[in-house]
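As recorded in TrEMBL:
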type: BINDING; residues: 244, 246, 278; note: divalent metal cation binding site
type: BINDING; residues: 244, 245, 246, 270, 271, 292, 293, 294, 365, 366, 367, 368, 372, 375; note: 4-CDP-2-C-methyl-D-erythritol 2-phosphate binding site
type: DOMAIN; residues: 238-387; note: domain '2-C-methyl-D-erythritol 2,4-cyclodiphosphate synthase'
type: REGION; residues: 1-237; note: region '2-C-methyl-D-erythritol 4-phosphate cytidylyltransferase'
type: REGION; residues: 238-389; note: region '2-C-methyl-D-erythritol 2,4-cyclodiphosphate synthase'
type: SITE; residues: 21; note: site 'Transition state stabilizer'
type: SITE; residues: 28; note: site 'Transition state stabilizer'
type: SITE; residues: 163; note: site 'Positions MEP for the nucleophilic attack'
type: SITE; residues: 216; note: site 'Positions MEP for the nucleophilic attack'
type: SITE; residues: 270; note: site 'Transition state stabilizer'
type: SITE; residues: 366; note: site 'Transition state stabilizer'
Ligand code: CTP
Ligand code: MG
């Protein structure tokens with residue numbers, strides 16, 4: 001670790017299997033799931049634990065360098081402290097090599113299948129807390145949903161098993177370190193999981209809740225299912241842009257950003273000429289794919305003749321929400337010689353933030369004497385909006 005203190009938690013990620021059932025050319029842990037390998041996803045979850053850990057990745061000999069590259073890429077400040085060791089012929093042998101590489105100072109160990117790439121960090125935390133409380137082996141489990149039948153060698157069903165007594169076992173599995181090391185050393189048989197090794201040596205095992213995302217990616221179907229789960233859970237974001245320009249009209253009152261600006265020339269237009277409010281409306285409508293202010297609030301609509309910017313903004317927010325979007329934020333850039341914006345910038349931001357129910361930031365600039373804004377003929381406002389669906 002970056003400090004000299006060795007963490008008391010050790011985590012082994014087993015990633016040395018070949019993935020026969022998945023059938024990809026590369027070992028399963030190095031197969032990409034929506035752009036990131038199963039190993040990378042599992043390691044990222046481990047690194048998001050609040051408690052620091054010594055981490056060992058067990059990789060196929062052919063892929064040790066790739067595993068080290070992943071650790072370097074996502075390991076940040078602890079990247080040089082993530083070890084990679086070669087796997088063994090069986091999962092149990094791979095686990096034993098990983099455990100052997102952990103510092104002896106570790107008092108608790110977690111063993112996780114890289115193939116359970118979507119197991120949430122909360123399950124890791126739950127297992128670890130229980131190891132410390134109970135001083136026992138801990139497995140995360142899921143209830144068995146299907147009816148379980150017992151059948152004979154000929155395929156005849158010879159009875160049912162009471163499924164309320166059954167549980168499907170996931171990883172990470174956690175153990176008091178010294179007892180688990182001893183269990184691995186004394187193991188004489190192959191077990192399908194770590195709790196099997198621990199129980200064979202007389203260790204007590206307790207169960208905590210697993211998570212539906214903790215399924216083991218084993219077949220092509222599982223991989224596709226994992227991809228679709230990630231896709232459906234990703235927030236759908238949409239950006240939009242809007243621009244508005246109005247010329248000064250000395251005879252009109254100045255309304256900009258929803259505020260009245262006394263002693264300033266006003267802006268010409270069908271409504272109050274509030275270029276900021278109009279640009280924000282266009283950005284919101286553009287992000288939602290709802291057209292623009294002209295097509296939504298036509299000049300013939302009496303509700304909007306001479307209407308304040310706030311009226312357009314409230315009506316736009318309503319449209320965007322009805323279409324199923326939440327506003328994430330809005331940013332505005334004003335280009336104008338007048339009004340001098342900075343003294344009231346926070347006032348404009350607070351007003352618009354209140355109207356939209358989401359953060360609005362406003363910046364202002366002049367255009368260095370260039371163009372119509374530089375000549376003081378009018379105001380330009382540009383806005384971007386981010387929505388989530
Ligand atoms: N594993 C390992 N060393 C082995 C075998 C398996 O480190 N000799 C790891 C796998 O990489 C995986 C986990 O143990 O993360 C669970 O194993 P499994 O899902 O069976 O993976 P594979 O053995 O790779 O797949 P298959 O059985 O389809 O070949
Ligand atoms: Mg296997």
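Using N, Cα and C of the backbone, Cβ positions are placed for all residues, glycine too.
Since the structure is predicted, the reported quantities are computational estimates derived from the model, not experimental observations.
Features recorded in TrEMBL, as mapped to the structure shown.
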residue	record	DSSP class
28	site 'Transition state stabilizer'	helix
163	site 'Positions MEP for the nucleophilic attack'	helix
216	site 'Positions MEP for the nucleophilic attack'	coil
246	divalent metal cation binding site	strand
271	4-CDP-2-C-methyl-D-erythritol 2-phosphate binding site	coil
278	divalent metal cation binding site	helix
293	4-CDP-2-C-methyl-D-erythritol 2-phosphate binding site	helix
365	4-CDP-2-C-methyl-D-erythritol 2-phosphate binding site	strand
372	4-CDP-2-C-methyl-D-erythritol 2-phosphate binding site	helix
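The Cα atom of residue 216 (site 'Positions MEP for the nucleophilic attack') lies nearest to that of 244, taking the recorded positions 244, 270, 366 as the candidates. Here residue 372 (4-CDP-2-C-methyl-D-erythritol 2-phosphate binding site) is compared against the recorded positions 28, 163, 244, 246, 270, and the shortest C-alpha distance is to 246.
Under the DSSP three-state reduction, residue 21 (site 'Transition state stabilizer') is assigned to coil, being neither helix nor strand. Within the same chain, residues at least six positions away from residue 270 (site 'Transition state stabilizer') with a Cβ under 8 Å of its Cβ are 299, 304, 305, 306.
A separation of roughly 9 Å, to the nearest angstrom, links the Cα atoms of residue 21 (site 'Transition state stabilizer') and residue 28 (site 'Transition state stabilizer').
Take the Cα of residue 28 (site 'Transition state stabilizer') and measure to each of the recorded positions 163, 278, 293, 366, 367: the nearest one is 163.
Across all of the region '2-C-methyl-D-erythritol 4-phosphate cytidylyltransferase' (1-237), the predicted model scores a mean pLDDT of 95. As a summary of secondary structure, the domain '2-C-methyl-D-erythritol 2,4-cyclodiphosphate synthase' (238-387) carries 54 helix, 46 strand, 50 coil according to DSSP. Each of 245, 267, 269, 273, 274, 275, 276, 277, 279, 379, 381 belongs to the same chain as 244, 246, 278, is absent from that list, and has a C-beta within 8 angstroms of the C-beta centroid marking the divalent metal cation site. Each of the recorded positions 271, 365, 366, 367 was assessed for Cβ neighbours inside 10 Å, and the highest tally belongs to 271. The two recorded residues, residue 367 (4-CDP-2-C-methyl-D-erythritol 2-phosphate binding site) and residue 246 (divalent metal cation binding site), have Cα atoms 15 Å apart. A straight line from the CA of residue 163 (site 'Positions MEP for the nucleophilic attack') to the CA of residue 271 (4-CDP-2-C-methyl-D-erythritol 2-phosphate binding site) spans 69 Å. The two recorded residues residue 293 (4-CDP-2-C-methyl-D-erythritol 2-phosphate binding site) and residue 244 (divalent metal cation binding site) have their Cα atoms spaced 10 Å from each other. Distances between the Cα of residue 278 (divalent metal cation binding site) and those of the recorded positions 271, 365, 366 are shortest for 271.
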